[in-house]
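This report refers to the structure that appears directly beneath it.
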Amino acid sequence: MAFIDKCKIVLIAGNGGDGIVSWRRETHVPEGGPAGGNGGNGGSIWFVGNHNETSLEFLKYKKIIRAKHGEKGDIKNQHGANAEDVFINVPLGTVVYNPITNEILADINIDQQKYLVAQGGLGGHGNTHFKSPFNKAPNLYELGELGENVEVLLELKTIADIGIIGLPNAGKSTLISTFTNAKPKTANYMFTTLNPVLGTIYRDQNRIIFADIPGLIEGAHTGVGLGHDFLKHIERCFLLIHLISLDPNDNPDIINAYETIVNELKQYKQNLVNKPIVLVANKIDQIGALENLQILKEYLKNNQEIKIISALTNLHVDNMLDDVIKIYFAQKKIYEQRLKEQLPVDQILKWTSDIPKSKELDKTIEIIKVDDHIFEVFGEYLKYWAHRIPLKTQDNLIRFNQKLQSINFNQQLLQAGAVAGDSIKIYDITLEFEE
């Protein structure tokens, strides 16, 4: 199965249901009055952080995700049912981008935190809503709002709690297979692992995910080898295991092998070297390993502890793992406390939608003369109300005209050169201009 850490999807929220015109017809109610119900709200689409998810694989073939529309209103003042919202569980560490501007819209790091991505449209009002002392029998109704339609880019920057890094053939795949459920491909040649391999263990009712990050080589920070594709995955790990092979056949120059990884981390992002890094020397059972270990110790001059193991024979692996997990829990506690102080429980993603809500409408209009007596008029305010108010009743025609008057529509047309009898196109509506 391919590892999916980036995908682009279109999210289409549901439209609001339409309101209706209806009248009470009971024989014992001589002046029945309006009885048209409102439409239900369209379904919204949310992202939900979920610690049980580890990949975006489930979105690989879902290019478009839709929520259902609200139901239309009914007679006897019955409102249409609201559509159910759609909740998409994504792994913690998922970053949501605007694919056009590359702006970060959300950084999902808390389990069960919800992010509103595409908002469903409000239901349209039925004629009962418009009843007033001045209009006891309104022949007015609205269509439901359109749901938001957005495209987002998802990138998984955290695939694991603990990352295992090192040069190719350091023994990372063998190590992760000794204490987790991972079954990576292992062999004695470089780049056996071409995708991150995830393994899971449980401690104190906590699930801890390890990632065998494919081997790094010199120049990885510039994209050489597997480069950027996998360096980004270690940015969000709580700590790193720097695994180095003591086998002279793998690393005849042990100092260069050590510094290659350290330098690549620094070059990619300086703060990576500030993470807790546990240095683990592997293959201690190989000929020449003790000599390489001594060279490494002398070079580090007690500035960093070296944990010595053999992943192949499982020598000292359990002790090393216990120490790593203690560091992990300490780092996780600090991180979660910071998040609680900074973030609310739920967030609404802020972006410019092509379906603005009525309270946020820009009333600016653009008038284009397309022929001698034909004008086309555009604008957010016009687009919104041209959809919401169907011109099928006299009352709705009057209401739509009032919306036009509120933005000095006629005056602006006169200034643009319109005269009586000209055709005015407002999206799907064509009107005859009257001075």
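A Cβ is built for glycine as well, from the same backbone N, Cα and C atoms used for every other residue.
Some features that Swiss-Prot has for this protein:
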DOMAIN    1-159  domain 'Obg'
DOMAIN    160-329  domain 'OBG-type G'
BINDING   166-173, 191-195, 212-215, 282-285, 310-312  GTP binding site
BINDING   S173, T193  Mg(2+) binding site
DOMAIN    357-435  domain 'OCT'
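The domain 'Obg' (1-159) scores a mean pLDDT of 91 in the predicted structure. When secondary structure is read from DSSP and collapsed to three states, S173 (Mg(2+) binding site) falls in the helix class. Looking at S310 (GTP binding site) and S173 (Mg(2+) binding site), their Cα atoms lie 13 Å from each other. For S173 (Mg(2+) binding site) paired with P214 (GTP binding site), the C-alpha to C-alpha distance reads 9 Å. For the domain 'OCT' (357-435), the number of residues in each DSSP class (helix H, G, I; strand E, B; coil) is 31 helix, 19 strand, 29 coil. Look at S310 (GTP binding site): DSSP puts it in a strand.
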